[in-house]
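In Swiss-Prot this protein carries:
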BINDING   21, 129  substrate binding site
BINDING   104, 105, 176, 201, 202, 203, 204, 230, 231, 232, 233  pyridoxal 5'-phosphate binding site
MOD_RES   233  N6-(pyridoxal phosphate)lysine
């Protein structure tokens, strides 16, 4: 069999299972294939990616430093904007220091592949993001998975590994597919009791949770040993970061391969991100309005009979069941002007395919009415939840 023939056979199996994926082209923020759409799948929770203040900051930095960084941070790619942003992130996360990565994915891999060592053990939540899973696979430490936000199971497993050199608990702050919040206060208490270090990935919590938008640390009033995050969601730009002690950041700068061998973020992105953090701390009313929209949508969908999950976050998973029905539901929603793609295995467990809604701060009551009316219509057309 030739190379392409072999791959086509594998792709055919993916198609038969209803898991085939394609790209869609966004012509503007509101149009797909020339038609106006309401996008309910964006991670731009606070609408900052379109904020003129961020755009102006990026343009100003680009005119001075150029379109790209031209190298790694350790060679020629380090600018004043990279360092200013790292100081801002550290202040925002209430840590001593921070270090930028080209994405949140690379931040997780860089931390987990370099920090735990042979003889150590990582205790990882069952629903952690793929970047955490991959980072654990690259680590020299053993990984033990505990049941999703099950503190009794975590404690049982912590108690069983007391003979190991070091214990690391790694968790998403907000889980991207379920919208649930890790009980970080209880995790920190267990870590203290069983002498473990805590690594929290705050990708979906930064800017959204907590009085000042500081994430799960702000929400629970605790401080993990390591905080990982991304700039590509509520911050409205792109890139990732790790935050913690000065010594930890110095360690990453010398040991994290995904930092050492990456091309630095463009200075324009750093300037825009720096501006975003200045704005986020003052968006108290925006966060409250966002929470109000989330509660309204969840209540309406649940009243229709949909199985709705999620915590106090902008992520609303609407469980459909099998993958093919979820794809059909997404297609019908799109015909009604609602862009909300189906999420299927391997991103979620078998039998739990879903429409994953994300609510952003720019949603009006009319938008919410149109969304919930569309869901009521597809429920009847597909005989969902009957």
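Glycine too: its Cβ is placed from the backbone N, Cα and C atoms.
Known features from Swiss-Prot, placed on the structure.
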residue : record                              : CB count, 10 Å
21      : substrate binding site              : 8
104     : pyridoxal 5'-phosphate binding site : 26
129     : substrate binding site              : 22
176     : pyridoxal 5'-phosphate binding site : 23
202     : pyridoxal 5'-phosphate binding site : 32
204     : pyridoxal 5'-phosphate binding site : 29
231     : pyridoxal 5'-phosphate binding site : 28
233     : pyridoxal 5'-phosphate binding site : 28
Rounded to the nearest Å - Cα separation of residue 231 (pyridoxal 5'-phosphate binding site) and residue 129 (substrate binding site): 16
Residue 129 (substrate binding site) as reference: those binding-site residues from 176, 202, 204, 233 with C-alpha within 10 Å of it: 176
Euclidean distance between Cα atoms of residue 21 (substrate binding site) and residue 176 (pyridoxal 5'-phosphate binding site), Å: 19
Annotated pyridoxal 5'-phosphate contacts 104, 105, 176, 201, 202, 203, 204, 230, 231, 232, 233, maximal Cα-Cα distance (Å, integer): 15
Residue pair residue 204 (pyridoxal 5'-phosphate binding site), residue 21 (substrate binding site) - Cα distance, angstrom, rounded: 24
Inter-residue C-alpha distance, residue 21 (substrate binding site) and residue 233 (pyridoxal 5'-phosphate binding site) (nearest angstrom): 22
Cβ-based neighbourhood (8 Å from the centroid) of the pyridoxal 5'-phosphate site, residues 104, 105, 176, 201, 202, 203, 204, 230, 231, 232, 233 excluded: 43, 129, 206, 228, 229, 240
